[in-house]
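Chemist: Per Swiss-Prot, the feature coiled coil maps to 62-102, 214-269, 316-351. Taken from Swiss-Prot, the feature phosphoserine covers S107, S258, and the record attributes it to similarity to another entry. Summarising the annotation, Swiss-Prot assigns region 'Disordered' to 1-25. Marked as region 'Helix-loop-helix motif' by Swiss-Prot: 166-177. The region 'Basic motif' feature in Swiss-Prot is assigned to 178-244; the stated evidence is sequence analysis. The annotation region 'Leucine-zipper' is assigned in Swiss-Prot to 303-324.
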Amino acid sequence: MASSAKSAEMPTISKTVNPTPDPHQEYLDPRITIALFEIGSHSPSSWGSLPFLKNSSHQVTEQQTAQKFNNLLKEIKDILKNMAGFEEKITEAKELFEETNITEDVSAHKENIRGLDKINEMLSTNLPVSLAPEKEDNEKKQEMILETNITEDVSAHKENIRGLDKINEMLSTNLPVSLAPEKEDNEKKQQMIMENQNSENTAQVFARDLVNRLEEKKVLNETQQSQEKAKNRLNVQEETMKIRNNMEQLLQEAEHWSKQHTELSKLIKSYQKSQKDISETLGNNGVGFQTQPNNEVSAKHELEEQVKKLSHDTYSLQLMAALLENECQILQQRVEILKELHHQKQGTLQEKPIQINYKQDKKNQKPSEAKKVEMYKQNKQAMKGTFWKKDRSCRSLDVCLNKKACNTQFNIHVARKALRGKMRSASSLR
């Protein structure tokens, strides 16, 4: 009866103990394995304490049971070896997956940083070089236009004076006596000419005053623009330096995490090797099976703690990656705003030659003083429009800075919450 019961137990044990490649499957209860080892450790010599049976059938059954126990022990050893092999495969797969994810994230962030550095260098080098010759050309054109207008007015008045002088000479030579009243008329005309000359001189003085005022306003505008550009450049440079420092710190932290990951992987591998050596020595000697389950439990706890640490590190790296993505988006917005400013400046420079040509056409038609005043007012309004556009662009930059500050505060809040949750879970496990 005992032999039949033990033979019935054999297939049930082999069915339940065979492991599957599922990494989430639960292992055997260590109490069962300890009981089996205790049963197998008893030698047949201990059975001598039982009363001696004379029948040969009892001796045959005892030999069969001993053989079955030996077979059970062999199967248990094979099962333990298979379990160790599956644990090694699971740990290797986890290590490969984590290493590939970390390296891909670090390489992608490095490429983004390099692209942004190149864009900043291109903008800082191309903007001042492209705008300097256009300013010089516009100043030269305005000076030439003013000089041509003044010379044309002076030449026209000189021609009128010469014509009147010739008429006076002809009259004085041909009709000195008979045309006394005409002399009086000529004197009146000369007086009118003198008055015209005086009015021309006043017009020239007024034109010079306008030119001087325009030049002073140009100088003031240029100084203001240069100061604003210098301030913007300093702000951009400071922000880029801060971003670079943050990026370098994050890269250093990523390298530190990768080093810790490699050290942990080395420790796990060394532990697995030591476990293999222990299992081999125990398999060869067949002694000391009781201490192995306790060691396995402690090793499992250590591995679980290490896996939790690695998951915490990966979560922190993901948060850092989110922060980097937010900063990259802010930099892209900055670049777009700078491009818009550059396009606006180009548009104003294209509008200025059109206004200059319009002024030339009006001056060819000999404009009056009232028209000159109107042109001066129009130039004032145009300059006010350009300053309004610049103020608007500066406000957009301030909005970007506020968005950046809000994003950083939100990310810091999320990171603190995550760290508190991890610390609480770790303390509860301890």
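Including glycine, each Cβ sits where the backbone N, Cα and C put it.
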Chemist: How many other Cβ atoms are found within 10 Å of the Cβ atom of S107 (phosphoserine), counting all protein chains shown?
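Modeler: The answer is 10 other Cβ atoms.
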Chemist: Let me know the DSSP-derived helix, strand or coil state of S107 (phosphoserine), please.
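Modeler: It is helical.
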Chemist: Restricting to the region 'Basic motif' (178-244), what is the model's mean pLDDT?
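Modeler: Within the region 'Basic motif' (178-244), the model's average pLDDT equals 76.
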